[in-house]
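First up is the structure itself, then whatever we jot down about it.
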């Protein structure tokens, strides 16, 4: 058990380092327009992945244990792979049509890469998460480490050894696709071997059940895509690929930082609240939900302040020097991420009380707000303003609107209140570290002295924060 925990920590650390190295490599080796093109590509991938494939993937995940027990696992995995390939080919035809009518600008090779990326990355992520969900953390950690290393090594290899057939973006994509392909085969053959005895042919799927399960998720993920990824497509049409690159890099840095905090927070606190969801007394259930929401949002708030104060140094380390002047966009992105992950915390309230469909409305309102403002920009309503800054502000406002409406709507679901006394105590506890960070906010170069100072102050903040978790409690709600 201790070995499994250690491997999970190593795998998570390797995954984080891999993500950071990939951002650095993309921003250093690719020109700004190429970076913009790469992030447009990712937006297209996320559109098809989140809307067409993710809902069915969640349905599959829900039934994994039963299928494994009944020896249906291998046949259901094969069925999932067939579904992914089928919808990916439909996506290819749709993309081909959009290219023909000049809505999307992609050459045929990039179209092929897009479908390859969609097929292999989607299948690999599902199979890898399935290994973890079925209770095999050791194998999950081992394959995650392999994938993380290959996801940096293979793209770097293909970019450095350029050839006349592929440009840098295509070389990058080829490396990522191959890394996921290798990981996919490792996951597939491991899962197939888990079945005891001979595999059985899967039961006939209940299409109606699948559709009713997937439609609400599909609507939710499509709105999520509009707010957090779809803006890149809109920005390209309004301002160009350079603006896409600047915004995408700024938000990617912030997303990486906040995602680490969110992931660790969920791992620590979510299992505890999930155990309380079956309590019959709604008042007691609301008390535990209130503790969870206050605790998690407070953690995100403290780290948002911390990341805002050291974002310039994060840019110096994580991205190419040509993006350093846009570090202030990283601060906007941090607070956009704060409202996004805080909204994710509120989702547990809707989930607990079986109001998930109502949770779609905040995202719908936020998506409409963002789209309407992009339409106004296209019609030159906003003149004499910096459109890159304005677009970043719009994304922040969209996530803020989503959070506010999610908070308002939940009042009819459960009595969840903010404990301002708890919030202020926790922030005051870590305030000395924030004051120290103010003195190093204007660090503009990477050298050993600055690095040591940042490490000392960051360690001081983490020590204070961990002490605050122990000494400042939210139990009194």
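The backbone N, Cα and C atoms fix where each Cβ goes, and this holds for glycine too.
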Which range of 192-209, 210-227 is transmembrane segment, per TrEMBL: 210-227
Of the residue ranges 273-296, 297-320, the one that TrEMBL records as transmembrane segment: 297-320
Result, the transmembrane segment (172-190) in contact with the transmembrane segment (109-128) (3+ CB pairs under 8 Å): yes
Of 38-59, 140-160, 451-469, whichever stretch has the most CB pairs under 8 A to the transmembrane segment (297-320): 451-469
Contact call for the transmembrane segment (233-253) and the transmembrane segment (363-381): at least 3 Cβ pairs under 8 Å, seq gap 6+: yes
Other parts of the chain folded back onto the transmembrane segment (38-59), taken as Cβ under 8 Å at six or more residues beyond its ends: 26, 30, 80, 83-84, 87-88, 90-91, 95, 104, 106, 110, 113-114, 117-118, 121-122, 126, 169, 172-173, 210, 213-215, 217-218, 221-222, 224-225, 229-230, 232-233, 236, 241, 244-245, 248-249, 252
Segment-segment contact (the transmembrane segment (7-26); the transmembrane segment (140-160)) at 3 or more Cβ pairs under 8 Å: yes
